[in-house]
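Participant: For 48, 64, 174, the entry in Swiss-Prot reads UTP binding site, with the evidence type similarity to another entry. Marked as ATP binding site by Swiss-Prot on the basis of similarity to another entry: 48, 49, 50, 202, 221. Among the features that Swiss-Prot reports, Mg(2+) binding site is placed at 62, 64, 137, with the record citing similarity to another entry.
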């Protein structure tokens, strides 16, 4: 018979934001301190993830923070013509401030403020929860540019993102600004059903994991947002139950899954072996488990 509307409505509600806002403010102040080694350089600090996109649920506590240095940038030149690539190479000036040094300086800034609560993870610098302060994952990043045209510094076109390096030294580029902006536009175009439906899927995922029906880590929130981002606007509306059924039917019977995109519209949503796309098998495992739970409720 499906999951009752009352349950879906409960799942659709946004979690508390007061503690996360306070945590973000504390982390941001530490990163923007005048005592940091990167003070005076051009950088920005912003929220990403569930709190940044208003898709957080009650069970969530981690706050995702990005510090991005704009004085140095990495580039993707694969879309440039040979002539434009030559022009880029002639204009390029190597940076003297390395990513490794910047991340170390960010680590020092956080350690200066939070002491032993700070640890380096594979991708993020983790600031442990303490008292009313929530756990924060801080990504130290540099500007990233995917170039489409380069005739000179004042005659170029590129999509701007961020990039960072994981523990294995692999460069990971992403586009949080585009993700957030596109998600908000889609939310408005869907008559404001999108973000509550993301929260429904996230709570459903939590229940699947708690019930032993889905392995933890297979369905990150970022990809659930991406999945619903692809669903046509007319599939949203009337009730959460209708939204769920219409979305799942569209994904399973109408969508060309190879053409689904991430909400940033820079990467395909389903792709094998990358840090920026959802493994197809993981996506199928979540979708199948979600439909099964719906049918057996």
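For all residues, glycine too, the Cβ spot is worked out from N, Cα and C.
How buried are these features, and what lies next to them?
Facilitator: Its Cβ placed at the centre, residue 174 (UTP binding site) has 23 other Cβ atoms within 10 Å.
According to DSSP, residue 221 (ATP binding site) sits within a helical segment. Listed in sequence order, 49, 50, 55, 198, 202 are the same-chain residues at least 6 apart in sequence whose CB falls under 8 Å from the CB of residue 221 (ATP binding site).
Proximity of residue 64 (UTP binding site) to non-local residues of its own chain (separation of 6 or more, Cβ distance below 8 Å) is seen for 47, 48, 49, 50, 51, 52, 124, 136, 137, 139, given in sequence order. In the three-state DSSP assignment, the secondary structure recorded for residue 64 (UTP binding site) is strand.
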Participant: Counting Cβ atoms within 10 Å across all protein chains shown, which of the binding-site residues 48, 50 comes out on top?
Facilitator: 50
Participant: Across all the protein chains here, work out how many other Cβ atoms are within 10 Å of the Cβ of residue 137 (Mg(2+) binding site).
Facilitator: 18
Participant: For residue 49 (ATP binding site), just count the other CB atoms lying within 10 A of its CB, please.
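Facilitator: Excluding its own Cβ, the number within 10 Å is 24.
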Participant: C-alpha of residue 62 (Mg(2+) binding site) to C-alpha of residue 174 (UTP binding site): distance in Å?
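Facilitator: With the alpha carbons as reference points, the distance is 19 Å.
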Participant: If we count other C-beta atoms within 10 Å, could you say which of the binding-site residues 62, 202 has the fewest?
Facilitator: 62
